[in-house]
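Here is what TrEMBL records for this protein:
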type: DOMAIN; residues: 5-184; note: domain 'Guanylate kinase-like'
type: BINDING; residues: ALA12, PRO13, SER14, GLY15, ALA16, GLY17, LYS18, SER19; note: ATP binding site
Amino acid sequence: MTTRGNLFIVSAPSGAGKSSLIAALLADKPADMQVSVSHTTRQPRPGEVDGQHYHFVSVEQFKQLIAEQAFFEWAEVFGNYYGTSRTVIEQTLAQGIDVFLDIDWQGAQQIKQQMPEAIGVFILPPSRDELQRRLTGRGQDSDEVIAGRMAKAVSEMSHYHEYDFIIVNDDFAQAQADLLAIIRSQRLTQASQTITHSDMLKGLLAE
Ligand code: 5GP
């Protein structure tokens with residue numbers, strides 16, 4: 001059986017629950033799904049592990065990787081550089097493993113230009129009030145900080161229509177089921193099934 005994995009681009013504003021949804025999807029370490037680990041120039045947050053959450057690099061190292069054309073896409077997001085390694089994605093897809101890119105709208109546009117068959121999924125919060133609640137966190141941040149987060153979220157959300165699928169994360173279990181349904185449906189397209197079941201089809205259609 002030969003196959004090729006699908007490439008999923010998952011974008012969302014901060015507070016929509018994207019990281020939790022991806023983490024839940026991969027919690028049982030499914031053999032046929034993998035999340036791409038990006039390079040970034042931002043500082044690690046407490047608990048973040050180099051090579052697991054991100055490859056943390058300096059601005060010089062990042063620019064060197066750009067020069068070497070190591071990135072499938074890269075972008076400056078809120079003052080830091082982020083990029084997706086090209087070879088890891090290609091090798092993983094070639095092994096029949098679905099790859100998930102947790103990237104912003106700028107990266108999504110670059111991927112779609114190079115690989116139109118990549119599947120864009122955008123996750124939205126159910127309302128502005130709920131987003132505000134989620135971004136307010138534990139009440140430790142100033143109104144100004146929260147207003148800044150809201151403005152960034154609204155700017156990211158304005159790109160929702162550039163994606164193939166939209167998930168509204170009101171109920172987490174429902175959002176999880178929706179994401180799984182999208183993944184499953186992509187494995188069942190005629191193009192995917194023709195590759196996955198090429199031998200079976202030869203047998204079925206033999207004269
Ligand atoms: P954070 O710093 O909070 O982990 O991520 C900030 C934003 O950068 C998020 O919207 C995230 O999806 C995006 N991001 C993370 N990695 C990449 C990447 O490799 N490329 C692009 N274009 N955006 C990324």
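Glycine residues also receive a Cβ, built from the backbone N, Cα and C atoms like all the rest.
Bear in mind that TrEMBL entries carry predicted annotations, made automatically and left uncurated.
Taking the features listed in TrEMBL, we show where each one sits on the structure.
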residue	record	Cβ contacts under 8 Å, 6 or more apart
ALA12	ATP binding site	LYS18, PHE122, ILE123, LEU124, GLU156, ASN169
PRO13	ATP binding site	LEU124, PRO125, LEU131, LYS152, ALA153, VAL154, GLU156, MET157
SER14	ATP binding site	LEU135, ARG149, LYS152, ALA153, GLU156
GLY15	ATP binding site	PRO125, LEU131, ARG134, LEU135, ARG149, ALA153
ALA16	ATP binding site	ILE123, LEU124, PRO125, LEU131, ARG134, ALA153, ASN169
GLY17	ATP binding site	ILE123, PRO125, ARG134, ASN169, PHE172, ALA175
SER19	ATP binding site	ASP102
